[in-house]
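**Student:** Copying in the features that Swiss-Prot gives for the protein in this structure:
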type: TOPO_DOM; residues: 1-11; note: topological domain 'Cytoplasmic'
type: LIPID; residues: CYS5; note: S-palmitoyl cysteine
type: TRANSMEM; residues: 12-32; note: transmembrane segment
type: TOPO_DOM; residues: 33-53; note: topological domain 'Extracellular'
type: TRANSMEM; residues: 54-72; note: transmembrane segment
type: TOPO_DOM; residues: 73-83; note: topological domain 'Cytoplasmic'
type: LIPID; residues: CYS74; note: S-palmitoyl cysteine
type: TRANSMEM; residues: 84-110; note: transmembrane segment
type: TOPO_DOM; residues: 111-228; note: topological domain 'Extracellular'
type: CARBOHYD; residues: ASN129; note: N-linked glycosylation site
type: CARBOHYD; residues: ASN157; note: N-linked glycosylation site
type: CARBOHYD; residues: ASN198; note: N-linked glycosylation site
type: TRANSMEM; residues: 229-250; note: transmembrane segment
type: TOPO_DOM; residues: 251-267; note: topological domain 'Cytoplasmic'
Amino acid sequence: MGSACIKVTKYFLFLFNLIFFILGAVILGFGVWILADKSSFISVLQTSSSSLRMGAYVFIGVGAVTMLMGFLGCIGAVNEVRCLLGLYFAFLLLILIAQVTAGALFYFNMGKLKQEMGGIVTELIRDYNSSREDSLQDAWDYVQAQVKCCGWVSFYNWTDNAELMNRPEVTYPCSCEVKGEEDNSLSVRKGFCEAPGNRTQSGNHPEDWPVYQEGCMEKVQAWLQENLGIILGVGVGVAIIELLGMVLSICLCRHVHSEDYSKVPKY
């Protein structure tokens, strides 16, 4: 009966560590995505915000360590090596404490992140240059076109751009242009566009722009909240797997009475 219980515990621990390994790969992939994505609002933030870049490196580091721990846990469970199981438990405890600490720091710095985000976008709009090729500008054009918004708080944010407001005709940001429901084109127009049929009108007045009037702040924050929900779900899932792994490793470790290093696989 006892040996059967140990065998069940051993293979359950192996299964949990396999899931743990996969979740570690997901966390690592998320960190790589933050650094590599060049076509969404994440690109705007990570290019200008050292905090987000640092967070991406933390995700990559935690993901890599989690995968390593999952691998070591599988070896320790299958071969019933007591020292590996004890080391595995200690590392799991440290990772769990680090995750809780990082989550708390992120939660209490949400206000600072939102403020930093607004400053980044406002500066980007003010310094936008239609004649310059810039990946950051392209990313913001993509956001405005896909989210169907204009500016940060409202389209009036674009009145801070000197190049745009010095145009003699009615000119507006191309990516802000209102599109019909039937227009499902994925291409994004960049730079500034002149409104048709306004050659005789003097001055560039924002009220005449055929653009979305709603700012991107609320929509982007909603998008971030949705993605944060995914991150939170993954984090909770990892924490549950970690706790189960800790419990199972202790149970198995208690039943392994003697150290037998001959069970450790030779590579």
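Including glycine, each Cβ sits where the backbone N, Cα and C put it.
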**Student:** Let me spell it out: for each of the glycosylation sites (ASN129, ASN157), count the other Cβ atoms within 10 Å of that residue's Cβ, using every protein chain shown. Which one has the most?
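**Tutor:** Per the Cβ count within 10 Å, the most buried is ASN157.
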**Student:** Distance check, please: Cα of ASN157 (N-linked glycosylation site) against Cα of CYS74 (S-palmitoyl cysteine), rounded to an integer number of angstrom.
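**Tutor:** Here the two Cα atoms lie 55 Å apart.
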**Student:** Is the transmembrane segment (54-72) packed against any residues at least 6 beyond its ends, judged by a Cβ distance under 8 Å, and which are they?
**Tutor:** 17-18, 20-32, 34-35, 46, 84, 87-88, 91-92, 95, 98-99, 102, 106, 238
**Student:** How big is the Cα-to-Cα gap, in Å, between CYS74 (S-palmitoyl cysteine) and ASN129 (N-linked glycosylation site)?
**Tutor:** 55
**Student:** Going by DSSP assignments with H, G and I as helix and E and B as strand, what are the residue counts for the topological domain 'Extracellular' (111-228)?
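**Tutor:** Going through the topological domain 'Extracellular' (111-228) residue by residue, I get 57 helix, 10 strand, 51 coil.
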**Student:** Going by DSSP, how much of the topological domain 'Cytoplasmic' (73-83) is helix, how much is strand and how much is coil, in residues?
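**Tutor:** For that range the per-state counts are 9 helix, 0 strand, 2 coil.
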